[in-house]
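Here is the structure we will look at.
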Amino acid sequence: MGQEVRVRFAPSPTGALHIGGARTAYFNWLFARKHGGKFVLRIDDTDRARSTEASYQQILEGLRWLGILWDEGPDVGGPYGPYRQSERMDIYRRHLDRLLAEDKAYPCFCTPDELARDREALQREGKPPRYVGRCRDLSPDERSRRMAAGEPHVYRIRSRAEGETVVHDLIRGDVAFANSEIDDFIIWKADDTPTYHFASCVDDVEMKISHVIRAEEHLSNTPRHIVLFEALGAEPPAFAHVPMILAPDRSKLSKRHGATSVSEYRDMGILPEALVNYLLLLGFSPGDDREIVDRETAIQLFDLEKVAKHAAIYDVKKLEWLNAHYFRQQSPETLMDQAWPQLVERGYVAEGESRREVLMWVRTVVAFVQTRSRNLHELIDGMRPYFEPVRAYDDKGVRKHFAHPETANRLRRVADGLAGVAPFLAPVIEREFRQWIEQMGVKSGELIHPVRLAITGSTVGPGLFDVIALLGRDEAVRRLRETADRLEAGDVVTA
Ligand code: GLU
């Protein structure tokens, strides 16, 4: 690529960072990284009424959390700043003035009523709506007079009605639009602010954007943008429109299909690595059957020509599956770090804990529970038995495994046995257990199930001997004796 690759992600800060926006950002980022170019974050906030500071912050936070970092942007600056459109009004005004001086744009004084009547008339003739050109050729005198009189006005760009405009889309190939479909559209609104089309094209020129990679819904805007680039005297950038993301039933993806914003995924316990991998698969296939594609590999493989033309279907199961994969790969330290605030909240650890033996123990528990968890939530839940006393026993389990009249005695027997096991390691505990089972003349399940229920409150979980070893002798013995006491006192109803 001859020219320097410069791409931009240009969100409007009017809501959360959604999965579609994040995917667009990631594709831009991958493209920039692959070609040694620059990834620019530009905030399209000319719509003052709908833009919020909260949304702006959320977008930046979401991208940072995903590790999609920008080379130039509102917070980090760069050679073509400022990077928030609301701070660039003088730049847009300068370009508008030039277009007016060159007669490439003109003021339009048509009232909303007039425009509505024009539209109806066209409709009656079965024609598509377009601006009829009433103010196109007003004399300079009339323009000045009406301006001086303070008549409300917008500014329109001169388009041409004949021929066609072809968008050379790097994903879709050539897409032709009849110029009759492109009217003299508005570039500057009556409230004295630029339209999205105008601000976007001015910025793409000013910021030397080489490739515009954005959502498919903007494809129909592109012929207008080509008109603008020409008027601005600039070579249009290359375009690539990435496919829509649809729900499994092929309807538009929305709230009712579950989480759609990046912060919701984070709160669900999804890891950023899993989410970016998932974003890649929304429209890009690596070329073989592989689906696990980490960031570095994605940079190598990414190619706009391999982006699908057809819509991508959102599949939360795939995301969860990817998450489980990345989750297992994390180091226990990373997971501890991510889980820490919640562990503090639950009272499992103290906020500023630094004692080595405590940290080592938490690490051991995390490493152990990690192997059978798919996300941070499952991890934290799975840590419960090691940090909380057993407050209640699973109901069904109680009826099934605590009903035998000998249960309390058996639990005491195991407690006494454990008190003497040395070293207190899972294989040693298991060996001893087998002996007790034989001595008691019971089936292994008749001892293992009640012991698990007594120690964890649950009927399911990791290997019992591992759990006992991890919990430690004192705690395991205490829990068994306590359960026996409760059973004997009739505190636990087994029928
Ligand atoms: N602000 C527009 C959006 O969020 C940007 C479109 C573009 O990339 O040109 O859809």
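Indices start at 1 and increase along the chain as displayed.
Just so it is clear, glycine is given a Cβ too, placed from its N, Cα and C backbone atoms.
Keep in mind that TrEMBL annotations are predicted by a computer and have not been checked by a curator.
What you are looking at is a predicted structure, and each value in this text was computed from that prediction instead of being measured.
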11-21, 121-131, 473-483 - the one TrEMBL records as motif ''HIGH' region': 11-21
162-166, 247-251, 252-256, 397-401 - the range that TrEMBL marks as motif ''KMSKS' region': 252-256
Other CB atoms within 10 A, centred on Cys135 (Zn(2+) binding site): 21
Fewest other Cβ within 10 angstroms of its own Cβ, chosen from the binding-site residues Cys108, Cys110: Cys110
Within the motif ''HIGH' region' (11-21), residues counted as helix, strand or coil by DSSP: 3 helix, 1 strand, 7 coil
Asp137 (Zn(2+) binding site), number of other Cβ atoms within 10 Å: 8
For the Zn(2+) site built from Cys108, Cys110, Cys135, Asp137, further residues of that chain with CB within 8 A of the site's CB center: Tyr106, Pro107, Phe109, Tyr131, Gly133, Arg134, Arg136, Leu138, Arg156
Length of the line joining the Cα atoms of Lys255 (ATP binding site) and Cys110 (Zn(2+) binding site), in Å: 40
